[in-house]
Every structure is written in structure tokens, then in C-alpha cells.
Amino acid sequence: MSGVSAGTRPSPADRALVLMERIVPVPSAWAFALRIWLAMVLALYAAFWLQLSGASSAAVCVAILAQPKRGQALSKALYRFLGTLAGGAMSILLIGAFGQDRVLLLISVATWLGLCVFVAHFLQDTRAYGAMLAGYTVAIVAVAHIDTPQAVFEAAIDRVAAITIGIVAITFINDALASPSTWRTLRKPLSEALSATRAFARETLSQADPGSERAAALIRQIAVMRADASAIGGELDDGARRAAGARSTIAALYAMAAASRAFTAAAAMPGSESEAVAEARRICLGLTDDGKPDADAASHRLGVLVDEAIQGGTSEPLEILVLQRGLDFARAASFAEDGLNALSTGCRPKRDVALPTHRDLPVALRGAARVGIAFGATALLLIAAGWPATSFSLVQVAATCSLSAIAPDSKAFARGVLIGMPVAALCAGIVLFGVLGGEQGFPLLAIAIAPVIFVACFLSLNPPTFGIGFIVLVFFMVLLSPSNPQTYDAQGFLTNAFLVTMAAGILFVAVRIVLPTSPAQRRAFALDSARDSVLDALAGDGGDATTRTSLNSDRLLQFSQWSSGSGAVRAASLDRAFDLARLESAAARAHAQLCRLPDDPALNDAARQARAGLEAADAGTLARSVRAFLRHGRSVSAPTRLDIARLVSDLVTAGGIMESQHRLLRRLGILRPA
């Protein structure tokens, strides 16, 4: 047996080959690093040729815009330009108002920083970056020239020019070297997410509900593609249609997962069994095949089953609920296929939906206050210490604290900054004093920065080391500060290296002691937000159903990320969170359907009863309104019967959750005490 084991053990050559595959970057990583290096060299050359005073800002702009996909870089570049314009204008305004009073100037800058970070919390992706950039651009322009306020206007113009050069350089290089298109790279993971959703639905419909944790994991797989879906719009002439198709598919995948779980849960209850339900299950299972099922034909047949159930007048409310959820699943599957086709071909999709994300007001307030407090405390510390060149340190504190505020994990980002800053300083020192060593040639500068740029790009492509790679890529150029002619001031370089490292330490401490937000607090904030959303939906202010589904999915995703404890406790808390999301969605859809009903006296009475039941969160009143709608459903037109079916299914869902989760709803103040 030992001989067999020895014979199957990998040889040293095989182990060395595996190790090399792990260490050596893939060809796409080399291509990405080459594009960033060429764009930096081009930006520096153009800035030197134009004799900009802040030529290094053009290279730093390229470093910040370093994205592996063309659409991501274009989207970030657009909002970087807009954020720079807003920040530059605010810098001129603040210097004009408080140029003679440094205390008021620093207070106003801290306030502006906090305001921009607060706004960034409620925006998505590159829009959030643009809002945050408008904040710390004021620090770069106004605070950096606090001793020479008369130079602020020229500094703002130079910065806008440098940013423009950086944007043009990276856009040109990405186009010239055929940077990967976002829509092409998104097509594969989106297809995989569709297959995963079909597999999840197949298991749910044929066996049992896999549970809330599996559903949260599926939502996580879907949600990571939202940023790429938003970045497609500026890539091509038909980018807006491709982006709309991607968003439609993502929203449909959320709906497919929710509808399959609701179908199975309702079908398991007594009173829901029938031949129509069995046929609906077979149709929905057919839509989960990996081939190309005809979702439109399935939707038509399920619509007929729903219409016949309402027209017959003998169906139980639970049967209507099951059939309607089957119809919802088929329609979502149709939207998913159509959206994926629109992404691939550029044709116009059937719909264009938004994908809003959940944000908590207390978290936004804490993040904004943390940035303002860290900036103000650093200013007081440096002023009291009498340290020279304090404006440079304040600029770095403002930039890193603002970036951490919009990072998914502020503490992880702070760790990356704490590691990356000294590495960037070391690399800049070696290149400046070791490789260049007093020389002034531009070709030598371009060659000298290449190894650091390549390594930083490789690190930024690896998620665990992204923060370190990003910081090294950006602050290597900040500390190197290429100029024409190049200066070699060792004392000034060491001072700047110390100040950026100190800024990293301040950030590391600030995210832990200045208004930290624990996972328990985040769960509480999310629960409070869900409670408010349920109350709004019950009152008729729930908004669009598709939008609410996306918003609820993002809230559930965040809730699952911050949930901890034993498996049973975590599963129970996720179940309650999903129930609240279902209640909100059902109430919002029910109010929307009530507004669509025709002006009929019999239907009006039932509608008033349904509205009263929703506003009072009274399951008994909702049940009576359901029976009234079913009684009058036989005498109305076919489109109205389908509206009644959707309304009945949502009223039954809302009433069922009110009964099963009455303790939770009373504790949250949604139900009145018995």
C-alpha cells in the first residue's frame, strides 16, 4: 500500500509546476499591467509636455482608474471628472470665503468632507466614488494651499487638466490595446447565475425549500454583477440597451428565486392541492431545464390556469396563490432569457428596471462623522505639535478616510492601507534614490517605474491583496512625484513618507475607535429599516414591486453578511428577515393592484376592505376581502380576473405572514398588541 501511495505522490517537478501556476500571473494580468504602465507613461509625458505644475497627478489619476475592464474604467473616469470639477469649484468658494481664517477653513473642509461621504453612502459604485472624490478634492486643492490662497484657482485648473490628461491616456490605451469589454466578461457569470438559479428552483420545486441560507448565498452570487451591469452603458453605442438587459436579468433572477420558494411553501399547505397546481409545477420544472425552454408559452398556459381558477369560482385562495406564483416564476424566467439575449446582441430588452441598493441612515451618519472627526482631530494634533508640512498629511488623511468610508469593509481597507503605505514609500525611495540616482531622462523614469507598477497591478487583481495593491499603485506615484526636472530631496521625501504612514495609522485607529459599527448594530439598523419599509408598504407607499424586490434582496444580502452565531440562530434570523421582505413586497404589490381595479361597486367594497386590512395589519380583514374578490371574480373581464388573481395572492401572502409571525410583528410595532 505504501508503494502505491509513493507511486501516486506528485513528483517534485509537478509540485514546482503547481507552485509556479499559483505565483506567476495569468496572461490577462500581464496585459492589464502593461496597459496601466503605458497609460501612466503617456499621461506623464503629456503632462510634462504641457508643463503642468502637478504633472504627477495625471499618473496618479491613471493609477486610481486602473480597472481590468473598459466599461469599469470609463464609468469611474466620468464620475472622477465630475467629482473633480465639483471639488475644485468648492475649493475656490471656500478659499474665497475663509482664506484669511484657517480655523474656519479647516472646519468648513471637514464639514464638506462629511457631507460628501454621507451622500456617497446612498449612491452606488462609481457614483459613490464621484461624490466622495468631490470631498477630498477640496483637501487636495484648498488645504494644500492654505498658506498661499492666491494660488488656489491656478491649482484647481492644473488639477482638472491633469485629471483630464489621465482620463484621456487610459481611455486611449484601453481602446488601442483592446481592453476586455465589460459586457463580454459579464455574459459568462450572468449565464452561470441563471443556471444556478434554475438549479435552485428545480430543487425547490421538486424536493423542498433549501432554506434561507441557500437563498442568501444565491442572492450573493447574483448581486456581485450589479456593478458591471452599471458600467456597460458607456462602452458602445448600444451599451445602454446591453446594460438594461443585464439589469433586467439580475432582477429576474431575484424574482425567480423568490417565486419558486413561495410556490413550494404555498403548495405544501392544506387546501392547495389540485390538478391545476400539479400542472403548474410540471410547467415550472420544465423552465428549470438547462436547454432553451419556451418561457413565453409557459407564461401563457399558466395565465390560462389562473384565469380558469378565478372564473370557476370554486378554487381555494391557497390554490390561487400557488398558481400565481407559478405564473410569476414563468414571467421572471422569460425576462431573464430576454435580458441575457439583450446583453449578448445589443437589442432592446422587454423592460428597463433599476437595481437600488439598501443603505442605512445611521451607518451613513456614522461614516460621515468619522471622516470629519478624524480630519479635525488630525488637524488639531499637527497644529499642536507644530509639525511642518502638515497640509500634506491632512490631504492624505482626508483621502484615505474618505476612501475607507465607501469600502465594503472599512477595517479590511484600513489594514491594506497600513501595509501598503510603507511598501509604497519603500518602493518610491528605491526607485528615486537607487535606480534614478540623480538622472533626468524620461525613458529611464518610464523603465524604472515599470516593475513596481506591474507588481501593484498583480496585487490589485487578487481580492485578498486588492487594498495593498491599490495603495501601492497610487501612493507610489504620489511619493515619487515625477517632475521636470526631477527633484532629489531626501529630507523632503522622508518627511512625506513618514506623513503618509502616519495617515495610514490614523485611519487604522479611526475605523476602530471613532464611532465603530459592530455587526450587531448593523443587523439592528437593517431590521429597523425593514420595519419602516413594511409600515410604508402597508400604508400604500411601497413603490414599484420590481424595485422593491431588488432593494429587499440587497438588504437581505447585507443582513446575512452581518449575521453570526450558531447555525440554528443564524438560520432563524434569516428566516425572519425573509418573512419581513415577503410581507413588504406583498403589501406593496397589493396596493398597486388595488389601484388597477376598474370602478365597480362590488369590487370597490372589497378594495376598501383590503386597504383597511393592510393599513391595520389585520389578517382577518384581509381574509374577508379575499373571499369577496373571489366571489365577484367570475363576472369581470379576463384582464381584471388576472389582476384579481395577483391581488388575492398578495393578500393571502400578507395575511399568512401576519398570522405566522405575529410575535415578531408585535415586537416591531407593526401589529397592535392583542
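Backbone N, Cα and C define each Cβ position, glycine as well.
Those TrEMBL annotations? Automatic predictions, nothing curated.
What TrEMBL says about this one:
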| type | residues | note |
| --- | --- | --- |
| TRANSMEM | 36-65 | transmembrane segment |
| TRANSMEM | 77-98 | transmembrane segment |
| TRANSMEM | 104-123 | transmembrane segment |
| TRANSMEM | 130-148 | transmembrane segment |
| TRANSMEM | 160-178 | transmembrane segment |
| TRANSMEM | 368-387 | transmembrane segment |
| TRANSMEM | 417-436 | transmembrane segment |
| TRANSMEM | 442-459 | transmembrane segment |
| TRANSMEM | 494-515 | transmembrane segment |
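Long-range contacts of the transmembrane segment (36-65) within the same chain, counting only residues at least 6 positions beyond its ends with a Cβ under 8 Å from a Cβ of the stretch, are 73, 76-77, 80, 154-155, 158-159, 161-163, 165-170, 172-174, 177, 442, 445-446, 449-450, 453-454, 457, 473-474, 476-478, 480-484. Distant neighbours of the transmembrane segment (130-148): 78-80, 82-84, 86-88, 90-91, 94-95, 102, 105-106, 109, 112-117, 119-120, 123, 155-156, 159, 371, 375, 391-392, 394-395, 398-399, 402-403, 405-406; these residues of the same chain sit at least 6 beyond its ends, with a Cβ under 8 Å from one of its Cβ atoms. When Cβ distances are compared across the two stretches, the transmembrane segment (494-515) makes contact with the transmembrane segment (368-387), since 3 or more pairs at least 6 residues apart fall below 8 angstroms.
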